[in-house]
Amino acid sequence: MFQIRSFLVGISAFVMAVLGSAAYSAQPGGEYPTVDDIPVGEVRLYKIGDGVWSHIATQKLGDTVYSSNGLIVRDADELLLIDTAWGAKNTVALLAEIEKQIGLPVTRSISTHFHDDRVGGVDVLRAAGVATYTSPLTRQLAEAAGNEVPAHSLKALSSSGDVVRFGPVEVFYPGAAHSGDNLVVYVPAVRVLFGGCAVHEASRESAGNVADANLAEWPATIKRIQQRYPEAEVVIPGHGLPGGLELLQHTTNVVKTHKVRPVAE
């Protein structure tokens, strides 16, 4: 079990009227919010460390509800947002929660790959005055997929192994994994690594949605992350519960198992 302090999202907070005005209570016992705790259309914040929060939202696909993680990082008197909250409605709720619970403006965002759980809501951010960033490849893939497209390219993130400092974080393009364009974000001040969908939670036994994955390259990509951030203390996956560096090896194991599963079947 990793130890991180929770950011209580309010004793009797309400989602904005436009979102349905549903009440929710603070997370008991400092537990990380799960899919069972968050109705679709609402967002929870969880404090990871000084000036760093995860944001957690849910979305229903078919008959199943999934949770999704993003990150909020303080940058002086502003906030940097890592990933949307998976859709316009959720992202409106996210901005409302940030205003309510943190009270600082979100001025910039980074999307870590082109899927809707990372870029869905970019138009909401843009309308709110947030400068939206991602890699050149993510912009290209998002446009090709008909997804929302962040406005600005981090042109230094063009090839596997590229890294750029962006305010209080380091953004690393480790190579193809869950998607060809997935980025990871490291907050050195608190040793928090946001692995996004390149990294799985500990309970995950399947590689999940691999429609755009590169299963052959994924283990090597994880190895690059391990080599670059051996000092990371908290690792946040794209979906599910945070952990430590063990999540990286776990992800490799899951991906390798997925690769051989069709042969066994």
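Glycine is no exception: its Cβ is also placed from the backbone N, Cα and C atoms.
Annotated Zn(2+) 1 binding in Swiss-Prot involves His113, His115 plus, out of the candidates His55, His152, His178, the residue His178. Of all the binding-site residues listed (His113, His115, His178, His239), His239 has the fewest other CB atoms within 10 A of its CB. When the alpha carbons of His113 (Zn(2+) 1 binding site) and Cys197 (Zn(2+) 2 binding site) are compared, the span between them is 8 angstrom.
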